[in-house]
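What follows is a short report on a single structure.
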Amino acid sequence: MGQGLSQPAQAVEEPSPPAVEAAPSSSPSPAPAPSSLEALAAEAMSFDEDGNESIDVKVQKALDCPCVAELKNGPCGSQFVDAFSCFLKSTEEEKGSDCVKPFIALQDCIKINPEAFSKEILEEEENDEEAEKSNLKVRAPAWSRESKPKL
């Protein structure tokens, strides 16, 4: 979840991955971490899916998916629920771009509670921040680059 504070959820709308069928399980073992928010959303939205339900009912069922239980019940649960719900309900062309505030709140909570998250999530955030910094270029102002007349 390594978005910059001035950036929306970096969720680029791509074709949705195929729906993943939730295999019935007798033990509530934690699911492996999905590679992206889109994958997590697709998995959660396919949980107990019924095409004739309102978006609010679909979001609630997605939040009931075991694939998000650890995030929902952790120390940043309310921030996760707000951000994830907003992302699922988003109708913007760039999915989730209208959810900046909830994702910033989630990001802030993750920074305050790093012990509650896997190293994989925290490293992903650090890598995103490093990549963002490496894309920055410092250029001298135009006035300083202009040639000065010789006297």
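Each residue, glycine too, has its Cβ placed from N, Cα and C.
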Notebook entry, point to check: Cys86 forms a disulfide with which residue in Swiss-Prot, given the options Cys67, Cys99?
Noted result: Cys99
Notebook entry, point to check: Going by Swiss-Prot, which one of Cys65, Cys109 is joined to Cys76 by a disulfide bond?
Noted result: Cys109
Note to self: Between the Cα atoms of Cys109 (disulfide bond) and Cys99 (disulfide bond), what distance do you get, rounded to the nearest Å?
What the structure shows: 16
Margin query: Is it possible to list how many residues within the domain 'CHCH' (73-117) are helical, extended or coil according to DSSP?
Written below: 30 helix, 0 strand, 15 coil
Check: Cys99 (disulfide bond) to Cys67 (disulfide bond): how many Å between their Cα atoms?
Finding: 21
